[in-house]
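Trainee: If you scroll down you'll find the structure; I have some questions about it.
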Amino acid sequence: MTIHIYNTLTRQKEEFIPLEENKVKMYVCGPTVYNYIHIGNARPPMVFDTVRRYLEYKGYDVQYVSNFTDVDDKLIKAANELGEDVPTIADRFVEAYFEDVTALGCKHATVHPRVTENMDIIIEFIHELVNKGYAYESEGDVYFRTKEFEGYGKLSHQPIADLRHGARIEVGEKKQDPLDFALWKAAKEGEIFWESPWGQGRPGWHIECSAMARKYLGDTIDIHAGGQDLAFPHHENEIAQSEALTGKTFARYWMHNGYININNEKMSKSLGNFILVHDIIKQYDPQLIRFFMLSVHYRHPINFSEELLQSTNNGLERIKTAYGNLKHRMESSTDLTDHNEKWLADLEKFQTAFEEAMNDDFNTANAITELYNVANHANQYLLEEHTSTVVIEAYVKQLETLFDILGLELAQEELLDEEIEALIQKRIEARKNRDFALSDQIRDDLKDRNIILEDTAQGTRWKRG
């Protein structure tokens, strides 16, 4: 089964054929580290971590690069407001980023390059563009000359005339054409700066990714990915810079994830309806957040609401409960071989369907449907009077494998004695208040965690199942 990827560049699904057999070069645009990330910022790391995991599962050696923009207008503004220097703020939020995405199940990239650690290669990249006539200096700034690059607009599928009509030259900019964009910005008084052939300054945003992608992955990469909002102008400008310099295709497959809406309204800082990851993971299990994000195809928008999150949690718990029941039943199973082949054959069908979903542009929504199918099928098997260790182990292994591909964990942390006692007390209060629905819910939840309650004349006793 071959993998097909929807390529933003061609607007169609294409068979994935990497440049080098069994090797994948992948670049994902990382954050500007001036604040905590919100859930919209967190979608690309989760989506493309899952893509990476699946490629690795299929046997590819994935070289995965994701950068940090650690010098930028937003960072300088934050530094001025807080009375701190730019490196201090950047270091703080790089650490916060790692804490957040690690909690969400994302592996570290092969390399996490920072702009400030690669200034020499960025300056050299700009210098080469100037020498080739694709860039020009203007009073200490350096701009890319878009009219010199014939393919400008090919990623966003917009004619250059239309793009130019919507562009403008801002006050203080010294460029020749409204579509030209900054490669190097002359330092203003009091700003952090680096020495360059054009004077003191710092790089523009777009050049950073082109330079670092080239350094760590070469002139041509297999997959370049990021949020939908980056397609234009960021990724369009990356293509222009890189292909103008090398004369080679910059990236062969372009992948972009969709937006996140909050209660059916587009999430934005201007509307004040954004949710920070480090806040939401205090309220909800980070694994649930990831499962929720993957329950929708990565190119589609996601509507984020507490109601939908709770509904997703119910589904996730059903799978985890089936897994827990399988593990619990393993001890009492035998080497029974009757009917083994039938159940194992069904498991193979689920595995095939899961891979077919992932091969179809990494359709995690359909892949998760197969997780539900495995769990439901397992529950049916557990109704058998006699169960086989071989079949039980096959179910357990399959669930663990599929969850791992999606960056999810199945094991539940064992409840502490005091946590159990607190839940029992909450159940007692519910019964006193004749809230029998809550009482039953607590009992059932504890049962799912292998905690058995026994109501006696002396009170409620419990034991681990």
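Cβ coordinates come from backbone N, Cα and C, glycine included.
Below are the features listed in Swiss-Prot for this protein:
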type    : residues                      : note
BINDING : Cys29, Cys209, His234, Glu238 : Zn(2+) binding site
MOTIF   : 31-41                         : motif ''HIGH' region'
MOTIF   : 266-270                       : motif ''KMSKS' region'
BINDING : Lys269                        : ATP binding site
MOD_RES : Ser270                        : phosphoserine
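Quick one: how deep are these features, and who are their neighbours?
Mentor: Under 8 Å, Cβ to Cβ, and six or more positions away along its own chain, Glu238 (Zn(2+) binding site) finds His206, Cys209, Ser210, Ala213, His224, Phe250.
Under 8 Å from some Cβ of the motif ''HIGH' region' (31-41) lie the Cβ atoms of residues 68-70, 72, 74-75, 77-78, 89-90, 93-94, 96-97, 100-101, 227, 259-260, 267, 269, 274-278, 280, 289, 304, all in the same chain and six or more residues away from its ends.
Taken together, the residues in the motif ''KMSKS' region' (266-270) have a mean pLDDT of 73 on the 0 to 100 scale.
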Trainee: Got a sec? Which of these binding-site residues, Cys29, Cys209, has the most Cβ atoms within 10 Å?
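Mentor: Counting Cβ neighbours within 10 Å, the top one is Cys209.
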Trainee: Quick check: which same-chain residues outside Cys29, Cys209, His234, Glu238 lie with their CB within 8 A of the centre of the Zn(2+) site CB atoms?
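Mentor: Nearby residues not in the site list: Trp205, His206, Glu208, Ser210, His224, Gly226, Leu230, His235, Asn237.
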Trainee: Relative to the Cβ of His234 (Zn(2+) binding site), which residues of the same chain, six or more apart in sequence, are found under 8 Å away?
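Mentor: Sequence-distant Cβ neighbours: Cys29, Trp205, His206, Cys209, Gly226.
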